[in-house]
Structure formats: structure tokens, C-alpha cells
Amino acid sequence: MNKGYPITDLVILAGGQARRMNGLNKLLQQFDGDTQLLKIHQKLKSSVSEIWVNSHRDYSIYQSIVPDIKCFQDDASGFFGPLMGMKSAWSHVRADYVLFIPCDVTYIPTQVVAKLHSALRKNKQAQAAYVSINGDALYPFCLLKRESLEVLEQQIDKQQLSLKNCFKLLHAQVAIFQKQNLFFHSINSLDELQQYKQIKAFKEIFSTN
């Protein structure tokens, strides 16, 4: 089926240490009823070709939830953040475009892949486009071209792991989205997860009254 943009793979970034989650794997947590893995898969499976998880653990659990999921680890041991996951992805994916998404997002905009491709096309030099929700830049929620690999490698070699600075070198474009009543666009700790669930429960009670 012609989607109006080039073949694009999806990589879910789940390679962090989860220190603020007491070691819990965020991709296997339920923010909205389903596990994050299932939620992300269901939302984006029709928009992408292959789906990968960048993670160092729980492969068998991922595959029990989504049997055709593919997995890979960072090229280097240790925890170097999303930049290393993005760099490592290009050794595995076959597509020349990859949508990266953090494992802890709460909101996945409709038509996000198409809109990121549209943003990317606005500048011929651009090798990246990222999502902004309600004015907040979500740099790990982004679309990269394969040509970005050289810059990713250079930044890692220099131990310059900031996505924001790297994206400046990639002439990154932005796809802007708005979402009312979005209190957390991502969950970074157990405290935030508890707050998110409490707010969600309150909204559900309020909406039924």
C-alpha cells in the first residue's frame, strides 16, 4: 500500500537503565491499560514496515506480546543514551528511514510518520525531523535518514551525546502537534507514573458525571 512516503522502519528506544523506575522496564509497564509495547505497536504498525526494540533485556517477553518483533542491543556496552541506540539501529534495519520513539511516551499523534516525513522534505539538507507536543521538543521521538549515521558516529566518538546539539548538525526539522490536557508527554519515574494514573482516573470519573 502506498502511504505517500518512503519505506520506514520503527525502532522503540528502551535501552536505558530505568534508575528512576527502580529498574522496572518501562516498555512492559501499563500506562493506559495496555503495556507500552502493545500500545506503540498497535498505534504504528500500519504506518511502518518492520518494528524493532533497542533493548538489552526481556527479548522473550517482547516476543510473547508481539511475536514478529525484532530486537537489538547498543553497539557498545554501557548506557550512552538514545544517540547510541539510534547509531546502533543502522546496523540492523533495512529501511533508509527510521522512526524512533521512546518507550515511555504517553501520546502518539495521529499521522505522526507522514507528518515527520513532510517536515523532513521542507529542507533538502535535513537528515532528521522531531516531534514537538504543546511546545515541548521530544528529540528522541524523531525520524532519521540513513545518511545521519556519519554525524551520529562523530558525536559519539567525541562523547557529545546531546540529541539537541546533534540535531542542529543534521539540520533537523520539527513536526508540531497540540494535545489538550496532556499533563505528561512521557513518564520518567514511578512517581510520575502514579501521578499520571491518578489524573487519568480522575478525568474518567469526571467525564462520566
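Note that Cβ sites are derived from N, Cα and C of the backbone, with glycine treated the same way.
Marked as GTP binding site by Swiss-Prot: Leu13, Ala14, Gly15, Lys26, Asn54, Asp74, Asp104. For Asp74 (GTP binding site), applying a Cβ distance below 8 Å and a minimum sequence separation of six or more within one chain yields Gly15, Asn54, His56, Phe80, Met84, Gly85, Ser88.
Feature annotation from Swiss-Prot assigns Mg(2+) binding site to Asp104. Secondary structure at Asp104 (GTP binding site), as computed by DSSP, is coil. The local packing around Asp104 (GTP binding site), expressed as other Cβ atoms within 10 Å of its Cβ over all shown chains, amounts to 24.
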**Prompt:** When you measure from the Cβ of Leu13 (GTP binding site), which residues in the chain that are at least 6 apart have a Cβ under 8 Å away?
**Reply:** Asn54, Pro82, Gly85, Met86, Phe100, Ile101, Pro102, Cys103, Pro140
**Fill in**
With the fewest other Cβ atoms within 10 Å, the residue among the binding-site residues Ala14, Gly15 is Gly15
